[in-house]
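A.B. asks: The following block contains the structure, expressed as structure tokens.
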Amino acid sequence: MKLPEEFLKKMQNLLGNEYSDFIESYNKESYKGIRVNTLKLSVEDFKKISPFKLSDIPWCKEGFYIDDFDNVRPGKHPYYHCGLYYIQEPSAMIPVEVLNPKPGDRVLDISAAPGGKTTQIGAKLNGEGLLVANDISPKRVKALTKNIEMFGIKNCVVTNETPGRLAEKFKYFFDKILVDAPCSGEGMFRKDPKSVKNWSKFSVNQCSKMQKDILKHIPKMLRPGGLLVYSTCTFSPEENEGTIEWFLKEFPEFEVVKIENIDVLDRGRPEWVGGRREIEWTLRAWPHKIRGEGHFIALLKKRDGQNEGLKMFNRKETNYDAYLEFENLNMKISLRESLHIVGENLYSIPDGLPDLTGIKIANLGLYLGKIKKNRFEPSQSLALALKKEDFRNVIDFSSKSIEAIKYLKGETLMLNDKKGWKLVCIDGFPVGWGKQTDSFLKNYYRPEWRMR
């Protein structure tokens, strides 16, 4: 791999004796992993059914390296379509482990796409509390929404806004905020050779400015005592320790918190930016020292500040009879207390949501489906948020069966069964919908998600 000469000189100056080991790491394969979705099954249960050879990722108990990743292709397995795991670079799992969300927390992931860290937060919240996942790019928001839906996360709102607009709406609201900042991506070089060209195109100083433009809005959204995790996938001191030093000067109500729950990483390097000593409590993951591509992580706490009561979201009271008929006929659980409709689209709204008037919303909680012409058509996201036992009429295919593959490819299946909606499962895990007629099952698996 040919790396930029300017990058090599800079890293040699910074790393000294470690430089040769650092450069040698680029001759090795990049590390790839998966993270188990504990909203759908426990880690122990996944190990029992895993079609892959797994080895533990030390900083994330749900995370695993997969041997022979490129040949076993976990993105093609039916379990991926069931949302049983997320494919993720191993060191990218560290920031959420440091943030440590708990059920009931209000959490913001402000640069969330494509959703790796969002889905990790959602699993840790376990359906309790509120998760707001934001990305400024409409295109990237689509990928983010898909991954949230595949994971079956019910208490997440997806927004497509600037940090400044969010700060106007969520004043002192969140318990925890993740800023996984856009960066020069030096930790991506081994994984994605295209990122080398991007490094030459986007300067470190430009990235540092973008990071500060995001961070300057965070204090207004975090409650007193709240926690902020700032992370990047780059090695540049200007974007890491330097950005934290700037933030602490600008917002003295914040302090660096020593990260205690992960002990396999290096300390931060305040001496590289002339920063305060406590910046050494931040963490660095280096590709020559761990089985991962590299990350920087800082944990900060807001000591004091004001609180502000917010106007809460007002659910629209209207006629939901078409959905209620579907629920009464087919479901063993009820979502009727959280319903809200936007046009034809029906949602289940998370508890504790503030008024979002004026905010661009891509997904307002759990999308249940459409009500049109007094009929309800369930969504893919509803299927993936259910458990097999939540629905009365189920078709369950083996992951090794030709029927499972045919369903995931969008094919019609010749089946004789009772007419009506069926929750289609694979090895007991919901994956989508089918509608039974006299002699076949009409396939409702989303066209854009189908197996190719």
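Cβ coordinates come from backbone N, Cα and C, glycine included.
Heads up, TrEMBL stuff is auto-annotated, nobody curated it.
These came from TrEMBL, pasted as-is:
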| type | residues | note |
| --- | --- | --- |
| ACT_SITE | CYS233 | active site, nucleophile |
| BINDING | SER111, ALA112, ALA113, PRO114, GLY115, GLY116, LYS117, ASP135, ASP180 | S-adenosyl-L-methionine binding site |
| DOMAIN | 22-303 | domain 'SAM-dependent MTase RsmB/NOP-type' |
A.B. asks: Any same-chain residues 6+ apart from GLY115 (S-adenosyl-L-methionine binding site) with CB under 8 Å of its CB? Would you list them in sequence order, or say none?
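C.D. replies: Those within reach of GLY115 (S-adenosyl-L-methionine binding site), by Cβ under 8 Å and sequence separation of 6 or more, are TYR86, ALA133, ALA143, LEU144, LYS146, ASN147, ILE148.
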A.B. asks: Report the mean pLDDT of the predicted model across the domain 'SAM-dependent MTase RsmB/NOP-type' (22-303), rounded to a whole number.
C.D. replies: 95
A.B. asks: On the Cα atoms of SER111, ALA112, ALA113, PRO114, GLY115, GLY116, LYS117, ASP135, ASP180, which are listed as binding S-adenosyl-L-methionine, what is the maximum pairwise distance in Å?
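C.D. replies: The two farthest binding residues have Cα atoms 13 Å apart.
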A.B. asks: Neighbour count first, Cβ atoms within 10 Å, every protein chain included; then name which of ALA113, CYS233 tops the list of recorded positions.
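C.D. replies: Within the set of recorded positions, the most crowded position is CYS233.
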A.B. asks: For the recorded S-adenosyl-L-methionine site, whose residues are SER111, ALA112, ALA113, PRO114, GLY115, GLY116, LYS117, ASP135, ASP180, find every other residue on that chain with a C-beta no more than 8 angstroms from the centre of their C-beta atoms, and list them by sequence position.
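C.D. replies: Here the non-site neighbours turn out to be ASP109, THR118, ALA133, ARG140, LEU144.
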A.B. asks: List, in sequence order, those binding-site residues among SER111, ALA113, LYS117, ASP180 whose Cα sits within 10 Å of the Cα of the residue listed as 'active site, nucleophile'.
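C.D. replies: ASP180, listed in sequence order.
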A.B. asks: Cβ-Cβ under 8 Å from SER111 (S-adenosyl-L-methionine binding site), same chain, 6 or more residues apart: which ones?
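C.D. replies: Sequence-distant Cβ neighbours: ASN134, ASP135, ILE136, VAL179, ASP180, ALA181, PRO182, ILE214.
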A.B. asks: According to DSSP, folded down to helix, strand and coil, what is ALA113 (S-adenosyl-L-methionine binding site)?
C.D. replies: coil
A.B. asks: Within 10 Å of the Cβ of ASP180 (S-adenosyl-L-methionine binding site), how many other Cβ atoms can you find? Include all protein chains, please.
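C.D. replies: A count of 23.
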A.B. asks: Excluding near sequence neighbours, so keeping only residues 6 or more apart in the same chain, what lies with its CB under 8 A of LYS117 (S-adenosyl-L-methionine binding site)?
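C.D. replies: Non-local contacts for LYS117 (S-adenosyl-L-methionine binding site): ALA92, PRO95, VAL96, ASP109, LEU178, ASP180.
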